[in-house]
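So that you can see what the record holds, here are the features copied from TrEMBL:
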type     : residues : note
DOMAIN   : 2-471    : domain 'Amino acid permease/ SLC12A'
DOMAIN   : 512-633  : domain 'SLC12A transporter C-terminal'
DOMAIN   : 644-839  : domain 'SLC12A transporter C-terminal'
TRANSMEM : 7-27     : transmembrane segment
TRANSMEM : 33-55    : transmembrane segment
TRANSMEM : 76-97    : transmembrane segment
TRANSMEM : 137-156  : transmembrane segment
TRANSMEM : 163-184  : transmembrane segment
TRANSMEM : 224-246  : transmembrane segment
TRANSMEM : 258-280  : transmembrane segment
TRANSMEM : 300-321  : transmembrane segment
TRANSMEM : 356-377  : transmembrane segment
TRANSMEM : 383-402  : transmembrane segment
TRANSMEM : 423-452  : transmembrane segment
Amino acid sequence: MGVFVPCLQNIMGIIYYIRFSWIVGMAGIGESLLLVAFCGSCTFLTTISLSAIATNGAMKGGGPYYLIGRALGPEVGVSIGLCFFLGNAVAGAMYVLGAVETFLNAVPAAGIFKETVTKVNGTAIAEPITRPSLHDLQIYGIVVTILLCFIVFGGVKMINRVAPAFLVPVVFSLICIFSGILLARHDRPAVAFTGLSSESFKENWGPAYQRTNNAGIPDPNGKIYWNFNALVGLFFPAVTGIMAGSNRSASLKDTQRSIPVGTLAATLTTSGLYLVSVLFFGSVATRDKLLTDRLLTATIAWPFPAIVYIGIILSTLGAALQSLTGAPRLLAAIANDDILPVLNYFKVVDGSEPHVATFFTAFICIGCVVIGNLDLISPTITMFYLLCYAGVNLSCFLLDLLDAPSWRPRWKFHHWSFSLVGALLCIVIMFLISWAFTVVSLALASLIYYYVSIKGKAGDWGDGFKSAYFQLALRSLRSLGASQVHPKNWYPIPLIFCRPWGKLPENVPCHPKLADFANCMKKKGRGMSIFISIIDGDYHERAEDAKTACRQLSTYIDYKQCEGVAEIVVAPNMSEGFRGIVQTMGLGNLKPNIIVMRYPEIWRRENLTEIPATFVGIINDCIVANKAVVIVKGLDEWPNEYQRQYGTIDLYWIVRDGGLMLLLSQLLLTKESFEGCKIQVFCIAEEDSDAEGLKADVKKFLYDLRMQAEVIVISMKSWEGQGEQQESIEAFSAAQRRIASYLGEMKERAQRDKTPLMADGKPVVVNEQQVEKFLYTTLKLNSTILKYSRMAAVVFVSLPPPPANHPAFFYMEYMDLLVENVPRLLIVRGYRRDVVTLFT
C-alpha cells in the first residue's frame, strides 16, 4: 500500500490513455517495443540501484534526496533534492490540468466559458478538435488542487484509504480496454478497426515517421516532424513515478522491505502492460486509425467507453495526489537536515505532518495551474526526474565501486556496472529529449549546488566522496612511493610551528600572520600545510586538552582560509615534542619538508633563558632529519593579502641550498601582495675570483631556471673595505660584552666545581678566536644588508648552522647580530637536495 500503489498511480498516467496508441502508429510495433524497452530499462536499472541503497541501513524521510545526499554529500543531495521537489510540485499541476482537460472534453456542458474550436484540415478523416477554455482549466484546476490538498492534510492514513478509490476504476478501465481489443471485429466498434489481425500486425510493424500539426494529426504541411528521439521525450514521462513510494520513506513501516519489492513490482507490472499494449494496439486497427483517433482507448473499450474517461481522470488525479504527498515530505526532509537556513520554516518534528511544506507545494501547484499552459515547463519536469534517477544510480555506483566496510545492502541483486549503465542512460535520454532543457536543468542544479556550498552549513554524513578521497589518497600515496621526489614535482609541505616564543591573545591558537605566511609558500593555494603545536605535560592527563586545542586550531585554519591540517602533541617539554614530530610526522613522501617558525625576538627582552637551548636544538634536529628551515623575523609586520608591497625582494645567496631561497622568492611573487616587487640576488664573491664572470654565470643560471632577477655581486675585497653601519657596530660591541660576561661566568663555575666548561647541560669547547670570527662575519653581513636592502619588502638570508660545541647562548648572539635592525627577514636553510631544475 505504501509503495506499490503510489508508484502504480504515478506511472499509469494520461500518456497511456491518449497518446500510446498514437505512438504505436507513428513508430510501428518494432520501434515501439524498442522505445518501451529503452525507457523501461532506465527506470528498471534505477530501481535496482534504489533498492540497494535503501536496504543499506535505516532510511529517514526524504526518499531519493536522503539516499543521494548520504552517498554524494550534502551539496549534491540538496541541489538534486530541491530540483526533484520542484519537479514533483509542478508535475502535480500537470496532472491536475490533464484531469480537468479530460473532464471538460468528456462533458463539454460543464464548461463555464465558451470553448475554442479548431478545424483540422488535410487529414484523411477531417474532424473538429475542441479545446476547453483556459479560464475553465484555471477555475476547475484550482478547485481540484484545493480538494486534493485537503486529502493530503489528512495524513498518510487518509491518503492510503483514498488511494484505492482512485486506483480501482483505473484497473477496471484497463480491463475494459483489453476486453474491447479482444472482442473487436472488422469495422467494429468503429470504422478502421480490424480486430486482432496478423495483417494489421505486419502493416504496423515498421515506422511511419511524418509531419503532424500541433494536435498530432498527420499533415504534410505540419510544423512538427517526429522521429525516435522525439518519441522518447513524449513517452518517457509514462515510465516516471518510481520514486513515489520512497518519497514517503518516513511514513513506511519497513523501508528495507517495502521500497525494493513495491517499486520493482510497480516497474515490472507497468513495463509488462506497455509491452503487451504495443502488440495489441498494433494488431487491432489500421495505421490511419492509430494516428487520427486521439482517444482510441475510449473508442475500443467494452462495454462502457465512458469508463476510459473516468480512468484517465482518476489516474491523473491519483498521480497528482501522490505528487502533492511526496513533494512536501521531500522539502521537510531537506529542511530538517539543517543545511540551508532559508528552509527552516519547513522543518517538522518526527512523526508530524509537513503542513507548511504542503501549503508551499500547493501554492506552487496552483500558480502553475493558473499559467494553464505547461508545454514550456513539462520537459523540465522530466529533466528533474532524470537528474534524480541519475543521482541515485551514481550514488549506488560509487558505493558499490568503493565497497567500504559499511556497504552491506540486504538487496543482493546489484552491481556497479548496472548502476553506471543506468546513470548513462539517464543522461542520454536527457539529451535525446532536449539538449536545451537539459542545459537549463543542469544549470539550475549547479546554481543550487553553488548556493549550498556558500550559504549552507557544513554537514558530515559520511558520504561516498569522503570514502573515494580516502581510497584515492591511499592509491596516490602508494604510487608516490618512498623514493625522493623529482625537483619538477617538488611541492613545499611546510610544518608551521604554531607555539610562539611568548604569549598570544586568548582563544587565538596560532600567530595570525603565520597562516598568511604559510599561504605565501604555495603557488595559487596548492599544497598542504601542517600546523603543529606542543602542549607541555603528561599525555594521560592532558589528552582532552589536546583534542580541544586541535579543534580550535582547525577552526582557526579554516577561518584564515589556509589549506592545512592541525596537529597537537603532548610532550614533557618543547624540545622532546619537536624531536618526536620531526621524526614521525607525515606518511611516505607526504612528510613535511620545510619547518617554519618565528624568530624568538623576545628572548633577551623577557630574559627567557630556556629559549636559546630550545631554539638551537630545533635547528639541529632539522639538520639531522634533513628538513629545510625557514625562520621569520618581523612576523608581526608580515603583510596580509590586501596589503600591497613595493620595492625589492633581496636574496643574500651565500651557500648552495638546492635553490630553495630562489623558489620561495618566486612563490612570493605569485601573491597579490608581492606581485609589484622585483627580485635582487646578492652574491658574495671570494677575494681573488672574477666578479664579472660570477655575475654572468649566475645570470645564465637564473635564465635557465626561468626566474627574473637582478644579480649584484659583492666581492670580499670590497666587503672588507666598506664602512660598517653605526647601528651594526653598536650591536657588535654589545654582543662582544655579553659573550665575554657569559664566558667569564662559565669559567668561574668550571673552576669552582672543578669540571670542564659546561653549557646547556653538556660540555663545550670555546675557541675565542673562532667566536670573534663568527661575530665579525655576522657584523659584515648585517652591515651589507642595512646598506643595500634597508628599503626592501623582504630580505632572504642563509641560515648559518649552529657551530659544534658552542653554547646555545653564543649562537643566539650571532643570530641577534645578523637580524639587528632588519625589519622583515626570512632566514632560510635548504637541505641536501635540489628543489629547482634547469630541465623541462
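Just so you know, glycine gets a Cβ as well, placed from its N, Cα and C.
In TrEMBL, annotation is done automatically, which means it is predicted and not curated.
When Cβ distances are compared across the two stretches, the transmembrane segment (224-246) makes contact with the transmembrane segment (7-27), since 3 or more pairs at least 6 residues apart fall below 8 angstroms. Of the Cβ pairs linking the transmembrane segment (137-156) with the transmembrane segment (258-280) and spaced 6 or more residues apart, fewer than 3 are under 8 Å, so the two regions do not touch.
Contact between the transmembrane segment (33-55) and the transmembrane segment (383-402) is supported by 3 or more Cβ pairs under 8 Å, counting only residues 6 or more apart in sequence.
When Cβ-Cβ distances under 8 Å to the transmembrane segment (163-184) are tallied for each of 7-27, 258-280, 300-321, the top count falls to 300-321. In terms of C-beta pairs under 8 Å, the stretch of 7-27, 76-97, 300-321, 383-402 lying closest in packing to the transmembrane segment (258-280) is 7-27. Averaged across the domain 'SLC12A transporter C-terminal' (644-839), the predicted model reaches a pLDDT of 80. Count of Cβ pairs under 8 Å against the transmembrane segment (7-27): among 76-97, 300-321, 383-402, the largest is for 300-321.
Here the transmembrane segment (300-321) does not lie next to the transmembrane segment (383-402) in space: the count of CB pairs under 8 Å, restricted to residues six or more apart, is fewer than 3.
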